[in-house]
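Peer 1: So Swiss-Prot lists the following for this protein:
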type    : residues                                                                                          : note
BINDING : ASP12, VAL13, HIS14, HIS38, SER39, ASP60, ILE61, GLY62, PHE65, PRO66, ASP67, THR68, ASP69, ARG146 : 4-CDP-2-C-methyl-D-erythritol 2-phosphate binding site
BINDING : ASP12, HIS14, HIS46                                                                               : divalent metal cation binding site
SITE    : HIS38                                                                                             : site 'Transition state stabilizer'
SITE    : THR137                                                                                            : site 'Transition state stabilizer'
Amino acid sequence: MTIPFRVGQGFDVHALVTGRPLIIGGVRIEHSHGLLGHSDADVLLHAVTDAILGAAGLGDIGRHFPDTDPRFKGADSRVLLREAMARVDAAGWQVVNVDATVHAQAPKIGPHAPAMVANIAADLGIAHDLVNIKAKTNEGLGYLGRKEGIAATVVTLLARQA
């Protein structure tokens, strides 16, 4: 039986540290802290990448772009997302939609969401109205509420290519 649709879920979290730029959804945001990681540590794009790879049955971001590989040191996560999308496409899938939540006590994500939507839509080759980004604080609770990190969760739907 051929299944015409697949759902993928992605999650990522990175610690906030001084001395690094803050890049979320491919958008550089002015902030006192940035995200720590091997690449540019774009928590949102990493979660999107995991969601599309997972839905296509292709594993996760670590399988394709391991943080032990020096080629990905400081890598632009938009480049990684486009490469992951090429692999999803080669496997016969297309993205139907992306629904994402960025979990951050600070900074405010809302003002940057339209640019993030535009980046993700462009990198996945889909219309802007097929990408949704929400922002949530942790109401001061836990490591996110203490502003020690930022997390992202993503759900995506893929359809078999016609």
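Going from the start of the chain as shown, residues are counted 1 onward.
Keep in mind that glycine also has a Cβ here, set from the backbone N, Cα and C atoms.
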Peer 1: Enumerate same-chain residues with a sequence separation of six or more from PHE65 (4-CDP-2-C-methyl-D-erythritol 2-phosphate binding site) and a Cβ-Cβ distance below 8 A; give 'none' if the list is empty.
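Peer 2: Looking at Cβ-Cβ distances below 8 Å from PHE65 (4-CDP-2-C-methyl-D-erythritol 2-phosphate binding site), excluding near sequence neighbours, one finds SER39, PHE72, ALA75, LEU80, GLU83.
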Peer 1: Who sits close to ASP67 (4-CDP-2-C-methyl-D-erythritol 2-phosphate binding site): which same-chain residues at least 6 apart have their Cβ under 8 Å from its Cβ?
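Peer 2: Correct list: GLY37, HIS38, SER39.
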Peer 1: Reduce the DSSP letter at ASP12 (4-CDP-2-C-methyl-D-erythritol 2-phosphate binding site) to three states and note it down.
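Peer 2: In three-state terms, ASP12 (4-CDP-2-C-methyl-D-erythritol 2-phosphate binding site) counts as strand.
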Peer 1: Please identify which of HIS14, HIS38, HIS46 has the densest Cβ environment, defined as other Cβ atoms within 10 Å, among these recorded positions.
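Peer 2: Counting Cβ neighbours within 10 Å, the top one is HIS46.
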Peer 1: Mind telling me which of the recorded positions SER39, THR137 has the densest Cβ neighbourhood, counting other Cβ atoms within 10 Å?
Peer 2: SER39
Peer 1: So how many other Cβ atoms are close to ASP69 (4-CDP-2-C-methyl-D-erythritol 2-phosphate binding site), meaning within 10 Å of its Cβ?
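Peer 2: Excluding its own Cβ, ASP69 (4-CDP-2-C-methyl-D-erythritol 2-phosphate binding site) sees 11 Cβ atoms within 10 Å.
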Peer 1: Starting from the Cβ centroid of ASP12, HIS14, HIS46, the recorded divalent metal cation site, name every other residue in that chain with its Cβ within 8 Å, sequence order please.
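Peer 2: Neighbours found: VAL13, LEU35, GLY37, ALA41, ASP42, VAL43, LEU44, LEU45, ALA47, ALA151, ALA152.
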